[in-house]
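Before any comments, here is the structure.
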Amino acid sequence: MNVLGIETSCDETAVAIVKDGTHVCSNVVATQIPFHAPYRGIVPELASRKHIEWILPTVKEALARAQLTLADIDGIAVTHAPGLTGSLLVGLTFAKTLAWSMHLPFIAVNHLHAHFCAAHVEHDLAYPYVGLLASGGHALVCVVHDFDQVEALGATIDDAPGEAFDKVAAFYGFGYPGGKVIETLAEQGDARAARFPLPHFHGKGHRYDVSYSGLKTAVIHQLDHFWNKEYERTAQNIAAAFQACAINILLRPLARALQDTGLPTAVVCGGVAANSLLRKSVADWKHARCVFPSREYCTDNAVMVAALGYRYLIRGDRSFYGVTERSRIAHFSKRGGDRLAAQRSAASQPLF
């Protein structure tokens, strides 16, 4: 089954064709970074207009690279939530129209579920496993029971990790997008130049949560307080110290979730999963296997959308043409985290 996937949830116009859920026939991503870089962040209206301009040429390019025509397509999958409303609307409307005109089955998928599905394109994974999704808009720690069943354990209580990278990079004039430029600078810096604090939560129910507002404040407004005077205040050292703390914030709930669930595997996905320090930090973990998608499948892409759509379509699922875009998803229930907390023995000493 050849599934054409369309992803326009943010600022990338992406189209891919995937056969039988794992064989990537084509993967086209039209990036808008040069257009948003002058604003040091994504401008939603500009993103929507670029999607309108690029969606048809990107579909044509994906078909050409796969050496296929629309007659060879067996189904269409598209992201409908969460994301920027205008951006989602472009991809969803195009997908509906194309599916209707070609009499093809159509499925609207969740962008976050698709990120986890990206790992299944290249790896043979068994459910359930612990999931960590870290991107510019989300942070989620969960147990993934199936391609459409995600049990949330924790999430960000304020800012997403990718957003923190962008904000710090923008403040210091490092460039845009912040994730890659900070990683590059950090390679020449020393993380010991500053010791930024990890977040501390008060009250119950936050064992698997993350927070980045405090780190952003420390790096941007309180650098003097946390700086090690033995080190020169360079862009490289600032980037290295910030990156080390930002990654540690993610590692702590991931390790806790693996410990508490007893599951042997974790999938780490989303744009921040492309970060080399994050990948290296878990490479030597003895108690679990951490699986990452290839870097090209960490950032927004349509391969993950097509792969997820295939799983729905072979199950016989279809979306109604009345399905709408949703900028936000329903609040994740954290009953999973509460359940695990109740199961942990009060006498046991947590390792993380």
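Cβ atoms are placed via backbone N, Cα and C, with glycine included.
The Fe cation site recorded in Swiss-Prot comprises HIS111, HIS115 together with one of ASP300, ASP317, namely ASP300. Swiss-Prot lists LEU133, ALA134, SER135, GLY136, GLY137, ASP166, ASN275 as substrate-binding residues, and of the candidates GLY154, GLY175, GLY179 the one it assigns to that same site is GLY179. A 10 Å cutoff on Cβ-Cβ distances gives ASP166 (substrate binding site) a total of 23 other Cβ atoms nearby, all chains included. Secondary structure at HIS115 (Fe cation binding site), taken from DSSP and collapsed to helix, strand or coil, is helix. With respect to their backbone Cα atoms, ASP300 (Fe cation binding site) and GLY137 (substrate binding site) stand 11 Å from each other. Note: ALA134 (substrate binding site) has non-local neighbours ALA160, PRO161, GLY162, LEU250, VAL268, CYS269, GLY270, GLY271, VAL272, ALA273, LEU278, i.e. same-chain residues 6+ apart with C-beta under 8 A of its own C-beta. Take the Cα of HIS115 (Fe cation binding site) and measure to each of the binding-site residues LEU133, GLY136, GLY179: the nearest one is LEU133. Compute the center of the Cβ atoms of HIS111, HIS115, ASP300, which mark the site for Fe cation; besides them, the chain residues with Cβ within 8 Å of that center are GLU7, SER9, THR79, LEU112, ALA114, SER135, GLY270, ASN301, MET304, VAL305.
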